[in-house]
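Participant: Take a look at this one; I'll ask things after.
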Amino acid sequence: MMNNNGNQVSNLSNALRQVNIGNRNSNTTTDQSNINFEFSTGVNNNNNNNSSSNNNNVQNNNSGRNGSQNNDNENNIKNTLEQHRQQQQAFSDMSHVEYSRITKFFQEQPLEGYTLFSHRSAPNGFKVAIVLSELGFHYNTIFLDFNLGEHRAPEFVSVNPNARVPALIDHGMDNLSIWESGAILLHLVNKYYKETGNPLLWSDDLADQSQINAWLFFQTSGHAPMIGQALHFRYFHSQKIASAVERYTDEVRRVYGVVEMALAERREALVMELDTENAAAYSAGTTPMSQSRFFDYPVWLVGDKLTIADLAFVPWNNVVDRIGINIKIEFPEVYKWTKHMMRRPAVIKALRGE
């Protein structure tokens with residue numbers, strides 16, 4: 001772990017930029033085969049022009065093709081990271097930095113709605129944006145510039161003492177600050193439930209709430225960190241450590257195996273419940289369950305509806321192919337589940353940074 005606040009999330013953000021998480025795709029709503037939305041709009045034109053090449057280089061890394069291009073890409077990434085480290089060092093003395101944009105915001109912040117502090121390449125920030133959009137809450141997003149050290153601004157550190165994104169200000173609760181993505185999601189659904197009486201993306205049943213919490217904590221503690229570490233050791237660590245790449249990639253696969261099994265069980269229960277005329281044949285194994293007209297119906301981790309337990313996975317599922325995992329082939333239930341969520345208007349809006 002890095003000692004300086006924000007260095008790890010900064011490196012991951014640059015990592016995601018350099019492996020083509022940077023360009024919004026206007027055709028994402030109609031693409032049925034590729035569920036990858038592009039997060040960042042803040043990359044330069046050179047990165048945009050080379051995005052297709054960079055993406056192909058990453059996908060072909062395991063097969064050994066395009067070796068020289070892969071090496072060039074990795075060298076470019078290392079150079080970018082070195083520049084980033086130098087910038088971080090230059091801004092380490094906070095007395096020499098004027099955070100005018102952040103200071104101005106805190107002097108003129110709105111009185112209603114929410115303010116989300118995020119980064120254009122931070123999956124956890126988009127996780128919060130998705131839930132805000134799904135709940136219909138009015139919010140503004142400030143995408144911090146880590147290269148300028150905005151996450152170290154004293155005003156922002158007062159919102160999140162860990163100096164990382166996401167962080168949220170609830171202006172309707174006397175400018176309450178919430179940090180850590182899981183805590184933010186729980187705050188939002190509980191507030192919506194209290195205000196409307198509708199447990200949207202949540203539940204009014206204590207048992208279901210406990211299960212939602214379990215999956216949410218599993219995502220924040222096991223799913224996201226493992227993908228982040230796999231990305232780091234695959235592309236950005238100063239030394240090539242094959243065992244580290246293998247260890248974290250295998251752990252990501254293990255995590256997806258847990259989710260795949262849970263969704264498959266939900267799928268089987270749904271098909272057996274709805275397709276009663278063929279249930280006996282499915283049970284006997286004489287007819288594959290995949291032939292059921294209900295086989296592509298959406299299933300969710302908890303109960304029979306979409307919750308924050310499901311949505312929390314979306315932005316990270318969206319980048320997992322960068323570590324060589326094809327969820328469409330390896331984890332088909334996870335793929336279908338993610339695809340259903342990625343088609344939702346609120347999810348599309350949030351992932352586009354709108």
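Counting starts with 1 at the first residue shown.
From the backbone N, Cα and C atoms, a Cβ is placed for every residue, glycine too.
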Participant: So Swiss-Prot lists N124, R164, V165, E180, S181 for glutathione; which of H151, H171, H187 goes with them?
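Facilitator: Among H151, H171, H187, only H151 appears alongside N124, R164, V165, E180, S181 as glutathione-binding in Swiss-Prot.
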Participant: Just to verify: the residue among N124, S181 with the fewest other Cβ atoms within 10 Å, which of the binding-site residues is it?
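Facilitator: Among the binding-site residues N124, S181, the sparsest Cβ neighbourhood within 10 Å belongs to N124.
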Participant: When the pLDDT values for the region 'Prion domain (PrD)' (2-89) are averaged, what is the result?
Facilitator: 44
Participant: Using DSSP, how many residues of the domain 'GST C-terminal' (205-354) fall into helix, strand and coil, respectively?
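Facilitator: The domain 'GST C-terminal' (205-354) comes out at 110 helix, 0 strand, 40 coil.
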